[in-house]
Each structure stands twice: as C-alpha cells, then as structure tokens.
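Everything on this sheet refers to the single structure shown next.
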Amino acid sequence: MPELPEVETLKNSLKDKLIGLIIENVELKRDNLRYKLSPLLTTEILNTNILDVRRRAKYLIIDFNNDYSLIVHLGMSGRFTLQSANYKTQKHDHVIFDLSNGEKLIFNDTRRFGMIYSFKTDLLEKEFFNDLGIEPFSDLLTLEYLKDKLQTKKIPIKNLIMDNRVIVGIGNIYASESLHLARIHPDKSGNDLRDDEIENLIKAIRDVLTKAITAGGTTLKDFVNGDNKPGYFTKQLKVYGREGQSCLSCSSTIIKIKHSGRSTFYCKTCQYS
C-alpha cells in the first residue's frame with residue numbers, strides 16, 4: 001500500500017501540471033471501489049478551477065475554487081496518472097477526469113481498494129480527517145508529544161508508529177526502515193523507550209521519509225507517480241524485504257517476524273534494544 005513518500009511523490013508530480021486547469025467532465029466507469037462512489041462526484045467539481053494539490057497522511061487532495069476538494073486514497077494498487085488526449089481506456093480505469101488542456105486524469109485500480117471522495121474543503125480537518133494524528137515533518141512531533149503517546153502503551157513500538165492516530169503516513173515499509181536506522185527492536189514496548197531512543201526514532205523517521213521522497217517512493221509492484229514513473233527507494237531498503245540477507249550495517253542476517261499479520265524485518269544485532 002502506498003505510504004506517505006509515495007503520495008507526496010504523486011502530489012509533487014501532479015501539482016504544477018494541474019493548478020489552473022478545469023475539470024470539464026467526470027466519467028465513472030465503475031462506481032464500486034472500496035466504497036461506492038457518489039454520483040455527486042460528477043457534478044460537485046465540474047467546471048471548476050484547480051487551486052491546489054496537496055497531501056494529508058496517505059491521502060491526495062485536490063482543492064477547487066468552489067470550496068470543494070477531491071480526496072484520493074490509492075488503496076493497495078491504485079494509480080492516478082496524467083494521460084494524453086488520445087489515451088485509450090484500460091481495463092481497470094474506474095474514473096476519468098477530462099481536463100481543460102485536453103489531457104485526462106485517470107484513476108486506475110486493479111484490486112479496487114482505492115477511494116475517491118468530494119468534500120467541502122473547510123470541513124476536511126474537522127470531519128474527514130478528524131481521527132488523524134500529526135504529520136511526521138510537523139513541529140508538533142516532539143519528544144514530549146511522542147513520549148505522552150507511548151507512556152501507557154504496552155504494545156510493540158512498530159505498531160505504535162504505524163497508528164495513524166499517533167503519526168500519519170508510516171506503513172510497513174517505512175516503520176521497519178525507521179526502526180532499523182534508530183537501532184530499536186520492533187518488538188520493544190512503546191512505554192519502555194528511553195528519551196534518547198524516542199528522539200532518535202523521530203529523527204530516523206524523518207530521515208527515512210526524506211530519502212524515500214527524494215527517490216520517488218518505493219515501487220514493489222504497482223506504485224507509479226502522476227507521470228507513470230516508478231519509485232526507486234527500493235534500491236535503498238536496508239531491511240524491508242531482505243529476510244535471510246546480510247545486514248548492510250553489520251553483516252548479521254535480516255530476520256522476518258509478524259506483527260498483527262504484517263511482515264516486520266529487522267537486524268538482531270543492530271536492533272538489540
């Protein structure tokens with residue numbers, strides 16, 4: 001599933017190309033994605049100017065000049081790409097937005113776990129994103145904030161940093177990578193972390209996410225940006241997907257365990273604490 005770096009990459013690839021354009025037509029090829037698409041989607045943003053393209057957590061947001069926003073979640077296999085005017089519709093193209101410059105914005109999703117909504121812009125944080133935690137790059141992510149969230153939690157730290165009510169945008173890949181960089185065992189209980197470990201973890205999360213964004217995200221199978229290009233952070237992964245291989249820091253063997261049904265990768269030597 002695309003995480004923060006992939007959605008940030010998607011935003012960066014689309015923003016300058018979309019701002020100022022108008023949605024001239026919306027075609028719903030299939031309305032039963034993860035949730036049924038509202039027929040209002042074809043009218044609420046029609047003939048409106050795109051003001052901004054931004055990200056919140058793992059959601060892409062397109063703001064329009066009529067005070068509505070389009071919210072897109074890629075799910076497991078979603079792709080949201082710009083295509084030329086002569087683009088031929090593909091099998092899993094579910095929503096097609098015709099743009100005023102002749103191009104098309106296509107939402108394609110093989111597994112249909114993606115979501116698209118239209119929502120009043122000024123109500124997004126209060127009603128749509130009301131359960132979300134803070135952004136990893138926010139100044140609000142401090143030792144005090146994370147310590148407060150962890151002090152009563154007797155669950156593995158990996159589960160905690162993947163909790164979108166605490167910190168948004170961190171999924172399986174970047175949780176494993178961040179904990180390896182911070183040298184923290186993924187099974188360590190959140191309330192057992194020392195202050196210096198929490199500070200190291202915050203720094204590691206930001207460092208890993210920054211490098212991933214710079215590399216265009218991680219493409220394991222489906223992810224591409226708005227220009228239909230894959231991400232290359234896969235080549236920089238230190239532990240994720242490397243079970244049985246040598247740790248790139250110490251040459252010990254990378255181990256895979258399960259957390260809540262998800263695969264977790266770590267180095268028993270580097271991540272001893």
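From the backbone N, Cα and C atoms, a Cβ is placed for every residue, glycine too.
Spatially close to Pro2 (active site, schiff-base intermediate with DNA) yet at least six residues away along the chain are Leu10, Lys58, Leu74, Gly78, Gly217, Phe223, judged by Cβ distances under 8 angstroms. Taken from Swiss-Prot, the feature active site, schiff-base intermediate with DNA applies to Pro2, supported by sequence analysis.
Glu3 (active site, proton donor): 24 other CB atoms within 10 A of its CB, across all protein chains. Per Swiss-Prot, the feature active site, proton donor maps to Glu3 (among others).
Marked as active site, proton donor by Swiss-Prot: Lys58 (among others). In the three-state DSSP assignment, the secondary structure recorded for Lys58 (active site, proton donor) is coil.
What Swiss-Prot records for Arg262 (among others) is active site, proton donor. In three-state terms derived from DSSP, Arg262 (active site, proton donor) belongs to an extended strand segment. Counting every protein chain shown, the number of other Cβ atoms lying within 10 Å of the Cβ of Arg262 (active site, proton donor) is 14.
Annotation source Swiss-Prot lists DNA binding site at His92, Arg111, Lys153. According to DSSP, Arg111 (DNA binding site) is assigned to coil rather than to any helix or strand. The Cβ of Arg111 (DNA binding site) has 13 neighbouring Cβ atoms from other residues within 10 Å, across all protein chains displayed.
For 238-272, the entry in Swiss-Prot reads zinc finger. Residues of the zinc finger (238-272) grouped by DSSP class, helix first, strand second and coil last, total 0 helix, 14 strand, 21 coil.
Its own atom aside, the Cβ of His92 (DNA binding site) has 17 Cβ atoms within 10 angstroms in the protein chains shown. When the alpha carbons of Arg111 (DNA binding site) and Glu3 (active site, proton donor) are compared, the span between them is 17 angstrom. It is Lys153, among the recorded positions Lys58, Lys153, whose Cβ has the fewest other Cβ atoms within 10 Å in the structure shown. Each residue contributes its Cα atom, and for Lys153 (DNA binding site) and Arg262 (active site, proton donor) those atoms are 19 Å apart.
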